[in-house]
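Novice: Starting off with a structure, shown below.
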Amino acid sequence: MLYLTLKYLHVIAAIFLFGFGMGSYLYLIAASRTANPDVIAQVARMVVRYDTWITTPAGCVQVITGYALVRVSGLSLLTDWVLSSLVVFVCVGALWLPVLVLQKRLERMAVAAVAGGVALGAQFQAIYRAWFWMGVAGFLGMFVIVVMMVSKMTVLQLWRMV
């Protein structure tokens, strides 16, 4: 029963991590396309809040439940697909932390533009582009992790089957 409970929590955390992460990502993209600093400021504020209070804790639950699942199931952390998943997870996490910082910067820049009654400039666009592409890379990594979790194979092992 412990294994099934851990697995359930792990899957729910993955849904929250991916779902809220993707939702907030797409929401800020849509807001940014309006080029309206007021809309961007409001949406960025919510995105920062959601990522801080929901997405980030879900990532922590993923680590805890994933480790517990490995221990309970008797697997080694060095099992091919487990180790590969951990490496990709660390890479996604390494992208995630700067993304949080960039989101906060985008929010501050939009708030300042609203307060000053000015449009968002080239610096906002440069930060937005970096945030956007880091998000693309992060979500690609998340897709890879889910494939490895479901198949219990590394990407290379899956590729060889094709």
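Every residue number used here counts from 1 along the chain in the order it is shown.
Including glycine, each Cβ sits where the backbone N, Cα and C put it.
Remember, TrEMBL labels are computer predictions, not curated facts.
Dumping what TrEMBL says about this protein:
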- 6-29: transmembrane segment (TRANSMEM)
- 50-69: transmembrane segment (TRANSMEM)
- 81-102: transmembrane segment (TRANSMEM)
- 109-126: transmembrane segment (TRANSMEM)
- 132-151: transmembrane segment (TRANSMEM)
Novice: Count the CB pairs under 8 A between the transmembrane segment (81-102) and each of 6-29, 109-126, 132-151, then give me the winner.
Specialist: 132-151
Novice: Counting only residues 6 or more past its boundaries, what in the same chain has a CB within less than 8 Å of a CB in the transmembrane segment (132-151)?
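Specialist: Result: 14, 17-18, 21-22, 25, 29, 81, 84-85, 88-89, 91-92, 95-96, 98-99, 102, 158.
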